[in-house]
Every structure is written in C-alpha cells, then in structure tokens.
Amino acid sequence: MNAGFLITLEGGEGVGKSTQVRRLVARLEAAGRRALATREPGGSAKAEAIRGLLLSGAVAPFGPAAEALLFAAARVDHLDRLIRPALAQGTIVVSDRFIDSTRVYQGIDRRVEPRFLVALETVTVGATRPDLTIILDLPSAVGLARAAARRAPSAIPDRFEREALAFHDGLRRGFLTIAAAEPDRCAVVDAEASADEAAERIWRVVETRLLTPRSSAP
Ligand SMILES: Nc1ncnc2c1ncn2[C@@H]1O[C@H](COP(=O)(O)OP(=O)(O)OP(=O)(O)O)[C@@H](O)[C@H]1O
Ligand SMILES: Cc1cn([C@H]2C[C@H](O)[C@@H](COP(=O)(O)O)O2)c(=O)[nH]c1=O
C-alpha cells in the first residue's frame, strides 16, 4: 500500500485554497492515488458545527484564547474522525488550512500567548504533522477582491473578510515567515497566476517533494 500523506494548503482570504484543494485531489486520483479533500475549521461533523460558531462571530466576545481553544477542539475531532483513519489507509489527505492558520490568525493577529499556542498545537496534533504545506501567496487586495466577487450580492461578508487590509497584509507576512522558517515542510506558490497555472505549479511541488521516490546513494 502507498503511504498516506498529509498535505495542507494555507494562505489568506481568497487566495484560491479551496479551488486548488479540489484540483490537487482530482489530479492525485487521476494519477492513481487515493486522495481526500477536507478543510479547517471543519472536515468532520462536530468540527463543522464548531466552524459555524467561529465564523458567525459568536465566539469572538469570549476573546482570542477561547477562539484558539475552539479551533483546537475542532481540529482534535477532525484528526480523530477523518485525518488519521484516512492516513492509516494510505490516503493522501489534502486540507484547506491547518496548524499554520492558527499560528498566523490566533498567534500573530489575535496575539494569543505564544507558549499557550505551542502547547495547544502539541497536544492537538501530536505526531500528525503536515508532510507538505503549500502556501498560496498573492497581494491581500487581490485575494479580498476574489473573495468578494465570489460572494452572492445579498450575502454578508464573514467576520474575517470584514477586517481591514492591514490585517490581511499581516496574515500574508505571517504565512511567508512560517515558510521561510520551515523550508523543508513549506513551499510558497505564487497564486496571482491563473488557476490552471497555479495548479500546475502545485502539482510540480507535490510530485517532486512527495511522489517521486528519492534515489538512494550509490
Ligand atoms: N487563480 C485564480 N485566478 C482568479 N480567480 C481565482 C483563482 N483561484 C480561485 N479564484 C476565484 O477566487 C475566489 C476565491 O477562491 P477560493 O474559494 O478557492 O479561495 P480560498 O482561498 O479558499 O478563499 P477563502 O479563504 O475565503 O475561503 C473564487 O471565486 C474562485 O473561483
Ligand atoms: C483553521 C483556522 C481558520 N481560521 C480562520 C481563517 C478564515 O478566516 C476562517 C476559515 O474560513 P475559510 O473560508 O475556510 O478560509 O477561519 C483561524 O482563524 N484559525 C484557524 O486555525
């Protein structure tokens, strides 16, 4: 059986994560690999319920630490119910957001105490860390314009989309800082290109880093 891998796609609002998760899973399946698309917060029934609370803004009055705890609670259920069982069966799990979103949104923007977040991440994910993280990068204004164009005219922007541009610039810097600090795990992909071109770039990274067996030294 092929090994399962955990691939995460990260980045700010509207950079194209959901689009590229779908495309990557389709391409993996076309290449004969078992693959599963999922997302955070969410991915399992209980985690999806928590997602509703978080994105509605109902948890915000409890403060940033409480929000971090709820993102972690959703992640625990997602890992237990969906990610770990799939990996154990050799499936390649592709998640729209994971630990780096907590590091950036709760850590950098909401200024949750770093030691609290490190401890929370350790107890939440344990050894189940991403094998590869694709960080989709583009100017924040472009991402927000894409997110706004996607929304139905009558729909209200969610709590995160309502934030100022400076907030989104901070997120972008946060993701790029993680990528620079963990180059073995992370690859930055320019997401300003067309969806087709971005998908091709992502595929090249996945093929090179995960799917191509390394030749052993002579
Ligand atoms: N490369 C691209 N060029 C232009 N538009 C794109 C591109 N990729 C995605 N889009 C469009 O931009 C919008 C946002 O894309 P998508 O939902 O994939 O982003 P996201 O990063 O998952 O967003 P969010 O973080 O807000 O959930 C969608 O309408 C999508 O069709
Ligand atoms: C996993 C995770 C997510 N968030 C934020 C980031 C986004 O604004 C929303 C999710 O919405 P999307 O349309 O699915 O991108 O939640 C966060 O603050 N912390 C996290 O750990």
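Cβ from N, Cα, C; glycine included.
Annotation comment: TrEMBL describes 9-202 as domain 'Thymidylate kinase-like'. Positions annotated as ATP binding site by TrEMBL: Gly11, Gly12, Glu13, Gly14, Val15, Gly16, Lys17, Ser18.
By neighbour count, meaning other C-beta atoms within 10 Å, the densest spot among the binding-site residues Gly12, Glu13, Gly14, Lys17, Ser18 is Gly12.
Cβ environment of Gly11 (ATP binding site): Lys17, Ile135, Leu136, Asp137, Leu138, Gly143, Arg172, Phe175, Ala191 lie under 8 Å away, each six or more residues apart in the same chain.
A C-beta separation below 8 Å, combined with a sequence spacing of at least six in one chain, links Gly16 (ATP binding site) to Leu136, Leu138, Arg146, Ala191, Ala195, Ala198. Across the residues of the domain 'Thymidylate kinase-like' (9-202), the predicted structure has a mean pLDDT of 94. Non-local contacts of Val15 (ATP binding site) by the CB criterion (under 8 A, 6+ apart in sequence, same chain) comprise Leu136, Asp137, Leu138, Gly143, Arg146, Ala191.
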